[in-house]
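Participant: I'd like to ask some things about the structure below.
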């Protein structure tokens with residue numbers, strides 16, 4: 001077999017600088033043209049150097065149009081630092097077939113030997129440092145003819161050693177810690193330790209949000225250094241981007257059956273190179289190809305032009321010499337071994353699976369609790385609140401899952417609007433984007449309405465939000481992590497997620513715009529978190545402010561990668577390594593904090609005591625296993641509001657207003673002084689709202705008996721509500737519906753005695 005001499009020369013030059021996985025190898029999987037009208041192009045380029053036997057395996061599909069005497073200008077750089085610059089005259093080096101060069105084609109693989117001296121010149125760190133960012137650039141300059149002194153070809157090869165920080169173990173560890181912490185918070189909450197459960201859940205959701213922020217960096221259309229692209233790939237599972245072979249087969253079939261055309265970049269990778277964009281020069285190389293496409297399209301009939309434009313919009317970006325370039329969302333899909341046309345459905349499928357599993361787990365746990373109580377494995381009052389109102393809890397869990405999956409669905413749905421993989425997928429994108437946005441907006445509106453009603457009636461937004469079990473279990477996912485007075489902060493968070501997702505999905509071809517938008521968004525989030533400090537306590541605020549600060553630093557790093565400032569390549573390479581090290585250390589610290597906190601909560605007999613009570617008095621309003629006794633009068637007021645669950649509906653209540661607006665906590669306090677306000681939950685005008693069947697025992701006078709003395713409180717009790725309207729009009733709700741005069745005579749009673757009628 002005759003090997004064309006120009007191709008042999010290029011392969012040899014690249015082989016000299018290729019370093020090498022468990023077995024040391026150095027590899028280049030793409031050869032990019034770095035100038036327009038390059039005389040040497042390759043649609044497939046795969047070179048592997050193995051130092052153990054000093055051989056280079058080469059597989060290329062390339063074409064050379066160079067003829068004449070040339071000089072090779074060779075530049076080798078690592079992390080932007082050019083450590084070798086040399087020229088080589090093939091005539092002086094006695095390279096056969098290169099003096100002069102002749103045109104030729106190549107499509108067959110072959111193996112070349114490498115001299116020991118060349119192999120020993122490669123530093124050992126090149127084989128071990130993860131995600132090596134090394135590049136070989138070769139310029140071919142003519143020395144004779146009309147083009148003497150001009151560069152007629154430029155090729156560039158990226159080099160990898162097979163070591164990477166994109167590790168399956170990191171993905172499983174991060175997912176396992178976050179998942180187990182959420183489960184632990186649910187179990188602790190079911191046992192009645194609501195204070196500890198809310199702290200664990202708040203920190204877990206914040207950590208999960210940080211993971212999603214890391215994934216969003218990888219989804220941006222900004223050129224990323226290899227180590228940054230690999231690091232962000234570790235967290236793409238949080239966006240539902242998970243490769244499962246049989247699911248991919250089903251999604252490809254679904255797309256074809258609904259009128260779509262799946263991409264085949266992964267199927268053609270054996271014949272076509274794929275360049276993962278890491279430098280700014282990749283996209284300008286598209287201009288000749290786009291110009292050629294426009295000129296060719298001008299000669300075609302209009303229907304064909306329209307169809308071609310549609311296909312070009314959906315297809316992966318392809319250079320004029322045949323190889324592909326992937327960046328942004330397509331880069332993430334390619335690295336995950338998922339066809340870009342399947343990416344939207346992959347994220348949607350795993351979100352749906354997550355929703356189904358959450359609902360199934362809650363239902364199975366309900367059945368297990370009932371069976372265990374029946375068989376005597378657990379006490380009958382264990383998880384009593386969950387067992388009585390499990391359908392309301394289920395609704396709250398599904399709302400929380402919707403909130404967790406909202407960032408990924410915003411990005412993927414909006415991106416699908418630009419891709420149009422198939423008409424059916426666009427319909428799904430419309431349904432899930434507007435549906436989830438509407439559900440979360442409605443939930444936020446409900447929280448705002450409840451809080452404002454609580455302020456109007458009780459001068460405290462936390463009264464209804466935390467004393468009403470229906471509201472807490474159903475809507476608490478939006479506000480329980482915040483202090484009561486910052487219940488509104490969920491609205492800025494939803495807006496932050498929506499705006500950030502819009503820039504990622506809709507500005508894929510404008511990386512600089514994305515980077516600037518990220519800086520503005522993240523600095524606004526950091527200022528808001530630092531000034532308002534809306535989370536429930538000091539430790540949770542510190543946890544979240546630290547995450548906001550790291551996200552802001554990452555946004556600055558992302559802007560550096562755009563190369564808008566014209567920084568030296570070495571600076572960009574170093575910043576990429578710094579981003580990886582800083583975020584890896586920060587993630588490890590957050591994970592360890594969450595692991596330690598969750599472990600201490602699970603193995604503590606009274607985990608609520610580990611956390612100081614919140615200043616918003618929620619511990620006085622919430623029904624918990626732990627009684628802090630911080631304010632006896634507020635405790636009595638909360639007990640009265642809860643009424644020990646007597647007014648809570650155990651079944652699913654589809655009337656949201658009725659379920660969260662009709663309980664005792666929603667009845668106004670009397671307009672009298674502060675003492676009477678604490679002594680009574682209801683005003684005279686609202687006494688008729690009390691349900692006789694719920695509180696009849698509290699207002700019915702004790703029957704007389706010959707075996708006991710009359711009750712000393714008989715004279716202070718109002719007649720039964722059934723006795724007549726006049727008694728109802730003059731009754732109140734605290735301590736057995738006392739009249740205004742009678743209530744004044746008992747202001748010296750303890751708060752627990754005054755609230756005894758409801759707790």
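Backbone N, Cα and C atoms are what each Cβ position is placed from, and that goes for glycine too.
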Participant: Between 310-331, 464-485, 486-507, 618-639, I'd like to know which one TrEMBL lists as transmembrane segment.
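Facilitator: Within the set 310-331, 464-485, 486-507, 618-639, TrEMBL attaches transmembrane segment to 486-507.
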Participant: DSSP-wise, what's the residue breakdown of the domain 'ML-like' (24-166) into helix, strand and coil?
Facilitator: 9 helix, 72 strand, 62 coil
Participant: Is the transmembrane segment (343-365) in contact with the transmembrane segment (426-445), using three or more Cβ pairs under 8 angstroms as the rule and ignoring pairs under 6 apart in sequence?
Facilitator: yes
Participant: Same chain, outside the transmembrane segment (570-603) by at least 6, Cβ under 8 Å from its Cβ: which residues?
Facilitator: 78-81, 133, 165, 173-174, 177-178, 180-181, 184-185, 187-188, 193, 196, 199-200, 203-204, 207, 210-211, 214, 224-228, 231, 543, 546-547, 550, 553-554, 557, 560-561, 563, 610
Participant: Please indicate, using numbers and ranges, the residues of the same chain that are 6 or more beyond the transmembrane segment (343-365) and have a C-beta under 8 Å from a C-beta there.
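Facilitator: Those are 239-243, 247-248, 251, 254-255, 329, 332-333, 386, 390, 393-394, 397-398, 401-402, 404-405, 408-409, 412-413, 415-416, 419, 421, 425, 428-429, 432, in sequence order.
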